[in-house]
Amino acid sequence: MQQDLLHRYLFDNLDVRGELVQIENAYNEMIANHNYPDAVKALLGELLVATCLLTATLKFEGEIAVQLQGDGPVKYAVINGDDKQNMRGIARLQSEVTGSTVKELIGQGYMVITITPTKGERYQGIVPLEHETLSECIEAYFEQSEQLKTRLWFATDTTEGNAKACGLFLQVLPVDKQKSIEDFAHLEALSHTIKDEELLELDANTVLTRLYHEDNPRVFEPQSIQFKCGCTREKTMTALVNIGQQALLDDVAEHGEIKISCHYCLKDYLFDEQDVKNIFN
C-alpha cells in the first residue's frame, strides 16, 4: 500500500468520478498514546478518511471540521483539516464502549460538517445520525446537500503501531441524469467486489485496475495526507492570558509550574513563574 495518499480519478466515457484514500502514518500519529478502544480507533480512522474525501470533493481553500456528537459512549469524535490535507483528530468518551457501529458508539446525535474558507462565508451542514455506518451517514449528507448519488466503502486495521485507514468514493457527475444513473450503477456493482484486505494492502493502481480494468480510469496526481496538530507554545500562552496573571501565579506557587497538554497530540507545555510574568509584559 502506498502510504498517506489521496487519488482522484475520472472515466472518459462514464459520468462518474471517484477517489481512493489510503492512510497509515498520519492515522498512527493521530491515535498514538490515546489508549482508545479498538472500536473508537476504527471510528476515528473512518472519520479521518471521510474528512480527506470531503476536503477533495467540496473543493475549497481553508479549513474543515467533521464532528460526530451524541448521547452514546463516545461524546464526540472530530477531525480537523484543511485543503492541504493536514489532519488531526480526537475522540472523547463519556462511558464504557461496548458496541462498534455509529449508532452504538455515538447514540442519538448529529454529524456536523463545518467549512471555514480562506475567503468567503463559513458554511455548516448538520445531518442526523440515522444510520448504522458512517459511510451511510456521509452518503445521506450528499443526498441532502447536493442531491448527488454517492457511495463510500471504508476499511480499517487498528493494529497498534501499524494501523491503516482506507476509503473508496464514487459520485455521479451532474451531466446527463439518466446516463449518470446507469454509469453509477455499473461502477457501484464493480466497487462492491472490493475486499477490506485489498484496500488495506494493495497500492492504489492495483486496486483501481482490479476494479475498473475495462473502464480505463484516468488517475490524477495524488495528494499527500499528513498529521499536523497545529498547537504551539505561543497559542498556549494566548489561551493562558484569559485566565489572568494572579490566578496563574497562584497556580505556580502551589504546583511549581503550570502544565498544559494538547488534547490532540498530547504534547506538554510547561510554564514557570517567570514565563507567566513574561506573558503579561
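Backbone N, Cα and C define each Cβ position, glycine as well.
As the structure is a computational prediction, the values presented were derived from the model and not from experiment.
Cβ-based neighbour count (10 Å, all protein chains) for Cys229 (disulfide bond) stands at 18. The annotation disulfide bond is assigned in Swiss-Prot to Cys229-Cys231 (among others) on the grounds of sequence analysis.
Annotation for Cys262 (disulfide bond): same-chain Cβ neighbours under 8 Å, separated by at least 6 residues, are Cys229, Cys231, Thr236, Asp268, Tyr269. Annotation note: Cys262 (disulfide bond) sits in a coil segment as assigned by DSSP. Feature annotation from Swiss-Prot assigns disulfide bond to Cys262-Cys265 (among others).
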CB within-chain contacts under 8 A for Cys265 (disulfide bond), separation at least 6: Glu29, Arg88, Cys229, Cys231
